[in-house]
Structures are given as C-alpha cells and as structure tokens.
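Here is the structure we will look at.
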Amino acid sequence: MGEINQVAVEKYLEENPQFAKEYFDRKLRVEVLGEIFKNSQVPVQSSMSFSELTQVEESALCLELLWTVQEEGGTPEQGVHRALQRLAHLLQADRCSMFLCRSRNGIPEVASRLLDVTPTSKFEDNLVGPDKEVVFPLDIGIVGWAAHTKKTHNVPDVKKNSHFSDFMDKQTGYVTKNLLATPIVVGKEVLAVIMAVNKVNASEFSKQDEEVFSKYLNFVSIILRLHHTSYMYNIESRRSQILMWSANKVFEELTDVERQFHKALYTVRSYLNCERYSIGLLDMTKEKEFYDEWPIKLGEVEPYKGPKTPDGREVNFYKIIDYILHGKEEIKVIPTPPADHWTLISGLPTYVAENGFICNMMNAPADEYFTFQKGPVDETGWVIKNVLSLPIVNKKEDIVGVATFYNRKDGKPFDEHDEYITETLTQFLGWSLLNTDTYDKMNKLENRKDIAQEMLMNQTKATPEEIKSILKFQEKLNVDVIDDCEEKQLVAILKEDLPDPRSAELYEFRFSDFPLTEHGLIKCGIRLFFEINVVEKFKVPVEVLTRWMYTVRKGYRAVTYHNWRHGFNVGQTMFTLLMTGRLKKYYTDLEAFAMLAAAFCHDIDHRGTNNLYQMKSTSPLARLHGSSILERHHLEYSKTLLQDESLNIFQNLNKRQFETVIHLFEVAIIATDLALYFKKRTMFQKIVDACEQMQTEEEAIKYVTVDPTKKEIIMAMMMTACDLSAITKPWEVQSQVALMVANEFWEQGDLERTVLQQQPIPMMDRNKRDELPKLQVGFIDFVCTFVYKEFSRFHKEITPMLSGLQNNRVEWKSLADEYDAKMKVIEEEAKKQEGGAEKAAEDSGGGDDKKSKTCLML
C-alpha cells in the first residue's frame, strides 16, 4: 500500500461522504471531546480551542435536553437530574443539587429533592424521598438566602460568607469550599434553587461558569415550570370540584349540622389527596346550667382549667367522624370520644381548637410538642406520617370543629397548596352553618308562635270584672273607675275581704284546699304576700297584684291534677316552709317574694302530660326546649306575664333587683324537674350535715347566707318539697290527691296507647290500677323520704311533713299488703284448678296413652 499523505486522505473523504460522516460522528462525539480535554496526557493536534469544543458540547446537550423536555411519562425530577449531570460536567463541578421551595404554616422553606448529582451518578441514588428530606427555613444557609433574594450567588469561599451553614456538611461529612447557587423563579414565586458545589481544578466558579450555569438552567426552568403549571391546574381543578360538590350537598341538608358536614365531606373525599381525615365536632355550649355549677362553687369539683376556644368555651369534642380512604373505604363515627383516642391523644386538634391556627406538620411522630402515636393506630396497620389540621369557623368566628388530614397520597408532606384547598373546604363548611342556624332560628320562631297562639287561645289575663270580684272598689267606694281610687283605699278594701290566715290554716303543713273554692284560693294567695310583708315594702300596686294572681289562676288548665289547686298548694307550702319552718331567716324579703311568686307559677299552663310524652309526641314544646321541657315552658310563661306592665308585680324594683328575681325564678321553676332532683340532693345533704355540727343558730345562718350557691341549693330542694307536699298531707287528703295524680297518669297512658300506639309504663297503665298502693310505697321510699327526712334534720319545725309522710306510707303499705295477699290467694286457687284439670285429663286419657294437643288420631 502506498504512502498515505494529507492530500490523499482529503481526496478519499471527499469522494466517500457517507464514510466521512460515520467516522466523524463516531470520533467527535461530545463524550470523546470531553475526555480528550480532561486527560491532559492525550496529545491533540488541532487548532480547535477548549471554548470551541465546549460550545460543541453545549449544542449537543441542548439538543438532548430539548428531547428530555418534550418526553412524556417521566417525572420532572428525572429531567432535572439529566440536566444536573450535564451541568456538573460542563462546569467541572464536583456535584450539583436541587432544593425545592414551598411553604408550610405560612412560612417559606427549602427542602432537598436531588442531592450530590455527578456526571455518572444514578437517579435513584440522588433522589431524596419525602421521609429523608432535609428541610430548613430561608434564613439558614446560602441556598435559603438565594431563595429569599431571588438572585444568583457565586461564593468563592463559603467560610467567608455569613449566610453559609455547615449543617449539611456535618450530616454527610462532605466539605464545601465554594458554590454557585441560582433560584428558579416563576413570576414572584421561587420554585427551586439549583446549586453547584466545589469547582474541580480551580478555586472558584468563574464568570463564564455563571453564564453557562444561567443559560443551561433555562431548560431546568422550563421543566419545573411545566410541572408547576400542571400541578397548579390540578390544584384549581380539585378546588373547584370541592366547592361545587360541597355547595351541592350543604344545601341538601339544612336541619342538622352533623349530617350537613358528613354529606359534603364524604362527597369530596376523592379530591382531598390524603389517606385519611377526621372531623372533630365541638360542643357549642358557652355557659353551664346553674345546677352544674353548684358542685364547682361548693368546692366539690375542681374548676375547669383545660384549654378553651377563643370565645371562651371548654374544648370538648362530642363526636369524631373518621374517614378511611386507604385500602377499603370506611367511615367510623365515635360519639363522646375518650381523651386517649388516637385522633385526640396527640393534642393537635385541641391546640387548633384553642388557638384557631392552621397546623401543617411533616414527620409528625418525631414532633416534640405533640405526642402522635408512633405505631399503627388501629387494626389496619396504618401509621401517621404527615398531618394538616385546620379549624372550622362559622360566620360568627366561633370554632365549631377541627378537620385533620393525614398522609398525602404521594408520600410528600402537605404544602401551601394543600392548605389552600383544605382551608377553602373548611371555610365553606363553616359559612354554610349560617343555613342551619337560620333554619333553627326560623324553626324556633315558628314553634314560639304556635305556643303563643295556643296560650292566647286557651288563656287570657284577668278581665276588669274578674278583678272587681276580689277588689270590690265599686261596691265599697262607689267608684266606677279604679284609677280614681287611692292606693291606701284599695289596700284597705282588699285586706278587709281577704281570709284570716290562721283560721284558713295557711300557716299549717296540714293545710287542705278542699274546703275552699278556686276563687277563694286566689284571695288566700294574695293574703300570703301581705303576710310576708312585701306588698308595702316593694310598693306592689294591689290592682296589679290582684290581676297577676287571677291571671296565674287562669293560666292553669283544667287538667286532673296539675291545675290551679296544685299550683296554690305549692305556693302555700313554700310560704309555710319560710314562715312556720323558719327557713325565711336565710333569705332576704326580695328573695322570699320571688320564691313565693315562682312557687305559684311553677306549673302554669301544664298540659296534664309529662316531659317524656312531649318528646315522644314531638310537640312544639319539645322542639323548642331541649331539656326540662315543661319546666322551661312554665318559666317562659311566667316571664311573659311579667313583661306586661299591668301584670308585673315587680315593676317598682330597680334593674338589679329585677334581674335577681328573674334568676331566682329560673332556679326555682327549673328545679321542679325531678330529673334534676338526684343531682342536687347530695349537695343539700352536705349542707344539712354541716349545719348540724354548728353550735349556734347564728353560725348556721352565716354559713348559708354568705354563699349564694348554698341558698340556691336549699331553695331548689324547697321547691321539690313543695311540689311533692301532697304526699305529706293527712291521709284523708292524701288518698284523694293520689287518686287525682293517678287519674292524670292513666289519661296520659291512654294517649300513649291510642295516639302514639305505644304500651305505657305500669304507673300510667289504667289496666294496672290495682298496683297503685305498691307504686305509692315505692315512690315514697325512692323519692320522697330523703327530702323530708333531711329537711326535718335541717329544721325541727318541718318534722310534721316527715310524720305525715310516714303515716301515709303505713296506710299505702297496708293496702299494698292486702293486694298482695289477695293476689296470692288468687294465684294459689288458679294453681289448684290447673292441677285438678291436668289430673282429670290424665284419668280420662287411659293411663299413659297421651293424646296429641294438635292432632286427632283416627
């Protein structure tokens, strides 16, 4: 073969272009050129400079990255990883990294996503999983500072830079000398920070490196922008779906908050991007009932010292609804959840309810402030990783519940966009409560209207003619208009016509209303107010007092037992306890005035049926009042009367005195609910025990009077003693009253059987009337004995009530024993007859040959 020279080679290549193309493609690839310049020992005879070769590399890499950008199916991290590999090669950097920027709880932060990328490293080795992220705020490190300033930072010597943090170096053992960091910015939002670390064969990155770095990161920016745009589209799409479906469901349900929340939350579950979420509903009670505060005021129960909502309510989750979306979908409802339930034990829902903050936590089990359960929370084996908790706030800015979301489906921690979506949902749910609140208010107004109409149709206040029948000013003063009379004249006329309290036995515990007419009882009631000296002291106009008393009488319906006679008897017993029983010494004249008036009103407008019947029949009263239904109605009726100036016997009191009267009305009338009796009797017993140990009467009076709570407890028990006082009357009175009570119960039982289609309890079953004595003995033993036994210990003057009770028990026990003996004889006779019939059947059956009871053998 001849000698090969340059001219021959050029001629051959020109004549064979295909060969030339394949040859140069093979020999002048980017990697080969790079290796030539990296290896200084390889001799290269060429006029092409390093910069020219770098431009060749850049052009080839740009083409490769363009293909990467348009590839489908890959993750953005994969595209960025390829770019960082090439960038590390071009810049001669030891390694490159990417930190993503995000916000949690309103605080921006950066999190490692790709770490230590080299030209030859694998994607799987560089990708940082959600559970291994290194997260730090923007005020730590040069990366955070680059995200904060949104500028490129070329740091020749990190030790001389005040923003440098050696946290990562300490974690990895790597030594950072110099670095180049650039943020990827979209508008005003920083998506990520790209960092090149430690220039190889040089002490720092040059200006030319910065230019290449900036130019090359345009491709990274495009990749991240595309991903960000897609992600934001997904966010807005999910948000719009949540709003649309929530609006659809909350307007389907207006009557119940729990059902309203459940419908909305269950419908939008697929758009929430989490494995599980729970809703904790808060008790909205702002003030305790007075009888629940008594143990606290007496020092028997420690005051509540736990967390409270911003509006002052105790943080009490009365129900938790747990939505499980991983594995098999399931919904768990936990009424009255215990404090150690896994959703509450961490303390996070309580913290959110107390402060109203949004709490977004990554790696929740490692948190030091909240104690999340580190292992599986239930039988499914599911564990908590990341948590996002938000308050549900209504239009009044009251926190009504707490929504907590667990474990984002892609394993990443919840970010600001998840906060945005869930906050949209919880805000909408909170605002939608306006619908249920409005519906509830309208419903209550409708019920109040129905009740008011019923009251007006059934009762009206006393007419002028009815007042004249008691206050006989026309007859005695020959005056046609009462306004023409002086108050002193009216007082004299009224007192003259009122019965004598001694002859009417108004001071006696044995008082019986049977000899008196209902009209006469009105006069007796007025007399009692004069006897406690409140008419003159509080300047009560006698016309108003007469009208009020007559109207109260008309307010009682003509039912079998809970009628005006019962109302008067309770008022008379209250008077007797105060005066004859000497309990008045614990109360002021104003308090005694209010107690006596409340006693007369305590059962006004009673319907002859109890609270349970109101609930069973879903009456307007039951829909209006949640507890102590009838008692609250009696209270509202009484307060309604006082709103009419012509009926307001307290019209001359000042504002503070009137508020005291209304409060005492509330305590006294609500206390007649026997369902509350067992709550208050132990507290009363302790007061009696304490007074028994005291040496003087003055000491006992001081012990009671200095504490308003003790006075209220005694007053509440006095109302119970008054309400049950018929059981202490002489036998000839008590036996008749008991039959009236029983008849009213039987009438309710008839209603339950016919109207409600339900079987009444034995006490209200007319078919079991013969068991009345036995029921009376049980009622005396279980309910009544304690009341009068304790009052007899408290004040010996009240012993006649206990004696009357014990005498009546003997009578009822005797009747009960007679009934039991009679029933025993009947049962024995029935057994004898049954035994005789069986023996006769055996005799007629021919020995052991038994006949079938269902078949006839022919």
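First residue shown is number 1, and so on along the chain.
Cβ coordinates are placed from backbone N, Cα and C, and glycine is handled just like the others.
As given in Swiss-Prot:
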- SER97, ASP116, ASP169, LYS170, GLN171, THR172, THR176: 3',5'-cyclic GMP binding site (BINDING)
- HIS566, HIS602, ASP603, ASP723: divalent metal cation 1 binding site (BINDING)
- ASP603: divalent metal cation 2 binding site (BINDING)
- 75-224: domain 'GAF 1' (DOMAIN)
- 256-433: domain 'GAF 2' (DOMAIN)
- 486-819: domain 'PDEase' (DOMAIN)
- CYS855: cysteine methyl ester (MOD_RES)
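Positions of the features from Swiss-Prot, shown on the structure.
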| residue | record | contacts (Cβ under 8 Å, 6+ apart) |
| --- | --- | --- |
| SER97 | 3',5'-cyclic GMP binding site | LEU84, SER112, LEU114, LEU115, ASP116, VAL117, ILE194, MET195, VAL197 |
| ASP169 | 3',5'-cyclic GMP binding site | VAL175, THR176 |
| LYS170 | 3',5'-cyclic GMP binding site | none |
| GLN171 | 3',5'-cyclic GMP binding site | VAL134 |
| THR172 | 3',5'-cyclic GMP binding site | none |
| HIS566 | divalent metal cation 1 binding site | TYR556, ASP603, ALA726 |
| HIS602 | divalent metal cation 1 binding site | GLY567, VAL570, GLU631, HIS634, ALA668, ILE669, THR672, MET719, CYS722, ASP723 |
Over all shown protein chains, what is the count of other CB atoms within 10 A of the CB belonging to ASP116 (3',5'-cyclic GMP binding site)?
18
What is the total of other Cβ atoms whose distance to the Cβ of THR176 (3',5'-cyclic GMP binding site) is within 10 Å?
20
Fewest other C-beta atoms within 10 angstroms, as judged across ASP603, ASP723, which are the binding-site residues:
ASP723
Within the same chain, and leaving aside HIS566, HIS602, ASP603, ASP723, name every residue whose CB is within 8 angstroms of the centroid of the CB atoms belonging to the recorded divalent metal cation 1 site, in sequence order.
HIS562, GLY567, VAL570, ALA599, HIS606, THR672, CYS722
List the helix, strand and coil residue totals of the domain 'GAF 1' (75-224) as derived from DSSP.
59 helix, 49 strand, 42 coil
I want to verify one value. Collapsing DSSP to three states, which class is ASP603 (divalent metal cation 1 binding site)?
coil
Among residues SER97, ASP116, ASP169, LYS170, GLN171, THR172, THR176 annotated as binding 3',5'-cyclic GMP, what is the maximum Cα-Cα distance? Answer in Å.
17
